[in-house]
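The transmembrane segment annotation in TrEMBL covers 92-113, 133-152, 164-184, 215-233, 240-258, 264-283. Residues or ranges marked as domain 'Phosphatidic acid phosphatase type 2/haloperoxidase' in TrEMBL: 163-283.
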Amino acid sequence: MITLEPGVRATDLVTMNKDAVMEKHEAEDEQKLMSVEKGQIITAMQKQIEDLKRRAEQDSLLLQGGLRYFNENNSQPPPWYRQAAAIIPRHVYLKSIGTTLFISLFFGAYFYLLKDPAYPPTVMPRTFLDHLIGFQPLALPIYISLWVYVSLPPALLATRRELYGYGMAMAGTCLVGLIIFYLWPTAVPAAHIDWAHYPDVDFLKSMDASGNACPSLHVATATFSGIWLHHLLRRFGAPLWILLFNWVWCIGIAYSTLALRQHVAVDVLAGLMLGVLAAYLSLYNRQ
């Protein structure tokens, strides 16, 4: 038996019960709706996750394919001649003006010491090698090619710092030779050849007399340039035949000094030692 509180009617109690039941049903409906929404959200999220995984797998496959393509097509650096062609135009004005100015200053000092030696020149002795190598006027183009040869290493340098370092090293090499020419003037012995039969060589002899013989700066600068060229060409990955051609050219220049009777073997040996020492010191300091 239900006992009613004072002031509470039975109808009010029924109404309250109905309201409670309705609220309960509404709460249950909301829970069901929330459960459905949560399920839908979870399902949607799962689909998104699956889509992301699928896209990630596709991207991974594309990336792997791209890397494989890159490795297959770009694993090797550009050919050596393309690397060289890309570097030569860099600082072209500095290279051209610097090389021209350096050669001009060198010739000024060289010819001054040649024409006005500080002391009586010492005539250098001939050796067995000098008698073995005969006079060869056809060696003149190789002799003159030195001025092209010594221009190649600076042309293949990429930065101003490298250019300045190379220029200082080459200038130091020539300065050592000029100091020796001043302190110890030397001359090549007479060749007893009628130069009138060889007008081209005669012109060379009229310009570059027999003085300033030891060390041979022709050989020293060629050797210095040859070692630097070898270093730079190897850095570009040049083939063996290019490296060999470099040394054939360098040796040809040294040979031409003997074949044209511009120097004797002792001069060539001294120039070789000077060029090797200067080149290796400059490359060591560069590293």
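Cβ atoms are placed via backbone N, Cα and C, with glycine included.
Listed by sequence, the residues of this chain that lie at least six past the ends of the transmembrane segment (264-283) yet keep a Cβ under 8 A from its Cβ atoms are 124-127, 129-130, 165-166, 169-170, 172-173, 176-177, 186, 188-189, 213-224, 226-228, 231, 254, 257-258. Of the candidate ranges 92-113, 164-184, 240-258, 240-258 contributes the most Cβ pairs within a distance under 8 Å of the transmembrane segment (133-152).
Residue counts for the domain 'Phosphatidic acid phosphatase type 2/haloperoxidase' (163-283) by DSSP state, with H, G and I taken as helix and E and B as strand, are 92 helix, 3 strand, 26 coil. Residues 98, 102, 106, 109-110, 113-114, 117-119, 122, 150, 153-154, 157, 211-212, 214-215, 217, 220-221, 224, 228, 271, 274-275, 278-279, 281-282, 285-286 of the same chain sit 6 or more residues outside the transmembrane segment (164-184) yet have a Cβ under 8 Å from a Cβ within it.
Beyond its flanks by at least six residues, the transmembrane segment (92-113) meets 147, 150-151, 154-155, 157, 160, 163, 167, 170-171, 174, 178, 181-182, 185, 211-212, 217 of its own chain at Cβ-Cβ distances under 8 Å. Same-chain residues lying 6+ beyond the ends of the transmembrane segment (215-233) with a Cβ under 8 Å from its Cβ atoms: 80, 110, 143, 146, 149-150, 152-153, 156-157, 166, 169-170, 173-174, 177, 180, 242-243, 246-247, 249-250, 253-254, 257, 262-263, 267-268, 270-276, 278-280, 282-283. The average pLDDT computed over the domain 'Phosphatidic acid phosphatase type 2/haloperoxidase' (163-283) stands at 96.
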